[in-house]
Amino acid sequence: MGRYVIRRLLQMVPVFIGTTFLIFVMVYALGDPVAAMFGDRTPDPATAAQIRESLHLDDPLWSQYLQYMAGIFRGDFGTAFNGTPVAELMGSAFPNTIKLTLVAFAIEVVVGVGLGIVAGMRRGRLADTGVLVFTLLVISIPTFVTGYLLQYFIGVKLAWAAPAVSSDVAFGELLLPGIVLAGVSLAYVARLTRTSIAENIRSDYVRTATAKGLPRRRVVGVHLLRNSLIPVITFLGTDIGALMGGAIVTERIFNIQGVGYQLYQGILRQNAPTVVGFVTILVVVFLAANLIVDLLYAVLDPRIRYA
Amino acid sequence: MTTTENKQAVPAPRAGQQAGTPLLQVRDLHVEFHTRDGVVKAVNGVNYSVSAGETLAVLGESGSGKSVTAQAIMGILDMPPAKIPRGEIRFRGEDMLTMSADARRRLRGAKIAMIFQDALSSLNPVLTVGYQLGEMFRVHQGLSKKAALAKAVDLMDRVKIPAARSRAGDYPHQFSGGMRQRIMIAMALALEPDLIIADEPTTALDVTVQAQVMDLLAELQAEYHMGLILITHDLGVVADVADKIAVMYAGRIVETAPVHELYRNPAHPYTRGLLDSIPRLDHKGQELYAIKGLPPNLLNVPQGCAFHPRCPKAQDLCRTDTPALHTLGEGRRSACHFWKETVNG
């Protein structure tokens, strides 16, 4: 196991370098950050040159990348073009996004797995058909549509929840955005759980558990779920990264000053250090989530052994 | 067990002597499966009984209804699609089909236990064998996790699994096929049930291991004086351990007999065909006999005797009239219009 972890960590190095280099190239080489800084106005050539000089923009790209990476490992993510250190932006943005992710994740697990269990155990009956139709609808409608619709009807018309999140970012306020963010993943989790349950409920070991005289609760809760949830947990693990990075639309709609919001602003203003910095962190989150899922997999299924 | 507290828990040997009430009685059992293609009549009026200490072998091809009958007795059929439109399954005189679901569950595992064919798929792959064995004691006797594990280790010792203590923490896939089947047997024996149903317990095993597992099962059965229903299609296994045999075909019992009489003198053409299909050393070099044709489609069982399309002795009567189960003698019955001619060769 230890050797496996080390090997996996080493494998992460090229992935990390590859992804960050790609995003670095896309942001720095394919746009002109200095022009973006001045917006519609044309910068004074001398000033522009000075800025280029101070940001090392005239160095070869690989050299800029190396300098940037060296900075990251010292905890220096550079300075956004408005003068705020990127690390400071992260400090304010990540807690908000993590809160939102937690709320969405909780909803995804509870509702998604719950619906999946109900549908899988009553396959072919009304409850099952209902869940299938509902999840199909949720998957088909884009997040920005469900987001605005829920914001308008629940937030404005019915006023059950605040239509926008205040700067405190309290957990209660995050319920509505959490539902919107969780929506599509939740539908996938429900379908995955349903398939897995429906498949395992016919298995021989569930029949054995019944033949042992175990109460239904125990047959389902211990024997059926332990096996059926293995693929679901794998999906949930990788989805944490997707939720954190995928909150751009949701955070915009509900005015949450999180990672998605900062990224959106960064892209809009071609604020290169912000974009690269945030994406780098997200890459690390994705890689870590994937590793944890793979390790968890071996814990949940004893037939899998890593050497 | 003391003799003062035995109203329900009658000591097994005595139950065997009460000739009036066998341990288990199946009467006129029908099981059908409602599928998209129609109603599959898997079991059509099965009758059999088992007493304590007795071994009943149920013999038949795949699809003859032998496993479905067993699952109906255990109460582990998926309903729907399965349905039991008629019949009784009496355990110690009480009809299990009319019991409350909870009362029935308490019998499962504790009084009637089942051993399945494929131990690898029948054991939960993600739980240790110690846990799965201990579960019997935790659920039925309310033992603590620790006490249950100790009992599980004892059980593993009992079915001769080497180094039981250290192996209790292993998972099913870490055992060999024979050892896994021993664990299944241990699980069935855990609460010293009155009746064990073994559904092809040795089919998935090597021949040498088959004999070991059957010996173990027979030994433990004698020790606890349990009733045993042995479901199999292996005539060799049956001869050694069974007291009586029920031969099933297309969801019906076509012949029942004490084991040696059945081998010596079968009273149904199907049984005769089965016995003739066994390879024999003194027939070396000759073509092996096989019953011609295929087992019937249970969606559409032939009119009259279900075996008539394959029967060498079939006559017009067989195509129109379903034969009754004629009594030939003590414990001998045959569902053939021409049983007399069959018995005489």
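Glycine residues also receive a Cβ, built from the backbone N, Cα and C atoms like all the rest.
Those TrEMBL annotations? Automatic predictions, nothing curated.
Quantities reported herein were computed from a predicted structural model and do not represent experimental measurements.
Sequence annotations record features per position, and here TrEMBL assigns domain 'ABC transmembrane type-1' to A:94-297. The transmembrane segment annotation in TrEMBL covers A:12-31, A:98-119, A:131-154, A:174-193, A:275-300.
Remote same-chain residues near the transmembrane segment (A:131-154) are listed as 115-116, 118-119, 160-161, 163-164, 176-177, 179-181, 183-184, 186-188, 190-191, 194, 249-250, 253-254 (criterion: CB distance under 8 Å, separation of at least six residues from the stretch ends). It is A:12-31 that, among the stretches A:12-31, A:98-119, A:174-193, forms the most Cβ pairs under 8 Å with the transmembrane segment (A:275-300). Counting residues 6+ beyond its ends, the transmembrane segment (A:12-31) has Cβ neighbours under 8 Å at 57, 61, 64-65, 68-69, 270, 272, 275-276, 279-280, 283-284, 287, 291 in the same chain.
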